[in-house]
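Asker: Let me begin by handing over the structure; questions about it come next.
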Amino acid sequence: MSQAYSSSQRVSSYRRTFGGAPGFSLGSPLSSPVFPRAGFGTKGSSSSMTSRVYQVSRTSGGAGGLGSLRSSRLGTTRAPSYGAGELLDFSLADAVNQEFLATRTNEKVELQELNDRFANYIEKVRFLEQQNAALAAEVNRLKGREPTRVAELYEEEMRELRRQVEVLTNQRARVDVERDNLIDDLQRLKAKLQEEIQLREEAENNLAAFRADVDAATLARIDLERRIESLNEEIAFLKKVHEEEIRELQAQLQEQQVQVEMDMSKPDLTAALRDIRAQYETIAAKNISEAEEWYKSKVSDLTQAANKNNDALRQAKQEMMEYRHQIQSYTCEIDALKGTNDSLMRQMRELEDRFASEANGYQDNIARLEEEIRHLKDEMARHLREYQDLLNVKMALDVEIATYRKLLEGEESRINLPIQTFSALNFRETSPEQRGSEVHTKKTVMIKTIETRDGEVVSEATQQQHEVL
């Protein structure tokens, strides 16, 4: 109780002597400031120091000076302030000065620790800014070159693949047309082959009929030759018989002539025999000429028939040879067309297999490129998220640095003001006009939030914060 009373008495004496401070109150001269620590390790301090809470308030006055820095001791009540026209107590001022020097020493130690922590904090901020700059450069590089280049390569390869697909489609259509044409030619040749086979069968049937006719004509010719031989033999026999009859008649005529000569009374028969001989010779010549003419006519008829049959046989043989040659040529053509068709079908199957394999390869390339694009998009999204996180951390650190700067500037102003007061022994109170003439600094912090999904920007928001330093 006595200590609280003495402290209150000292404060009252000090206020009676110096008056209230313009920007702060000395409710606890022995206390030391404790700054809020964010992101640093906590270091132990002396147990005799009490905590001091600082409240920074912005003023919207005409000059816009620094906010008043108020300090209040926890668990104590402020002593009532008195006017500035009271008398000076030098013994109390010396005691207060000694206590203030001790407090000043402790505050220097704490300020050194805070400076070390602040230096570490600045180093960490610089390191994070370097990482942020590197990540931003990487993001810009990926955003500016890699996706565009990958897209160009993808589009170029897709155009090449489409062109190859069109070429292969045209080749396949042309091969299909050629195959259809060859199938039509093959069907036409098969129909022509069937017609030629029918013509060959008809020719063979005609040839068989002609062979029967030739055989019949040959038999007729042989029969006629035999008849001619028999007629010739008959003619020769008749000639012999006629000659014998003539000889007999001549012999008889000679005998009769002898008898006539011997018997003069008998009539003359020479003229009669001559007439008979002439008649027989005429009849024989007529028969011979008729037989020869009939034989010649028959022989000529048979010869003509044989010639006709031979001509027909020769023509049939020629036609058969021609048909055989045509059949052989058509067979060779069919074999060649079959070979061409087989080769074209094999080429078509090879083209289809190659087209299928190339299409599979192109599909694999497309899938690989799409996977690379997705991977790059994921990487870009990850870098954007990291960049956004680092940007948020940087903004928070900037805000915290600004807060530390304001607290340090307020503490320096609070510390420097009593020193100037004690050194100059200037017991005049600072007027409100002088406090309002201090220059303030206004800082604007822009926080830009970008939300991405699968590498694409979904939403973008911008927030501005105004701070007065």
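FYI, residue positions are counted from 1 along the chain as it appears here.
The backbone N, Cα and C atoms fix where each Cβ goes, glycine too.
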Asker: Which residue among S46, S60, S437 does Swiss-Prot mark as phosphoserine?
Answerer: S60
Asker: If I look at Swiss-Prot, which residue among T17, T148, T462 would I find recorded as phosphothreonine?
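Answerer: So the answer, going by Swiss-Prot, is T17.
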Asker: How many Å separate the Cα atoms of S289 (phosphoserine) and S357 (phosphoserine)?
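Answerer: Just about 99 Å between their Cα atoms.
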Asker: Around the Cβ of D353 (site 'Stutter'), how many other Cβ atoms lie within 10 Å? Please give the count over every shown protein chain.
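Answerer: D353 (site 'Stutter'): 10 neighbouring Cβ atoms within 10 Å.
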Asker: What is the Cβ neighbour count of S289 (phosphoserine) at a 10 Å cut-off, with all protein chains included?
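Answerer: Around S289 (phosphoserine), other Cβ atoms within 10 Å: 10.
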Asker: What number of additional C-beta atoms lies within 10 angstroms of the C-beta atom of S357 (phosphoserine)?
Answerer: 10
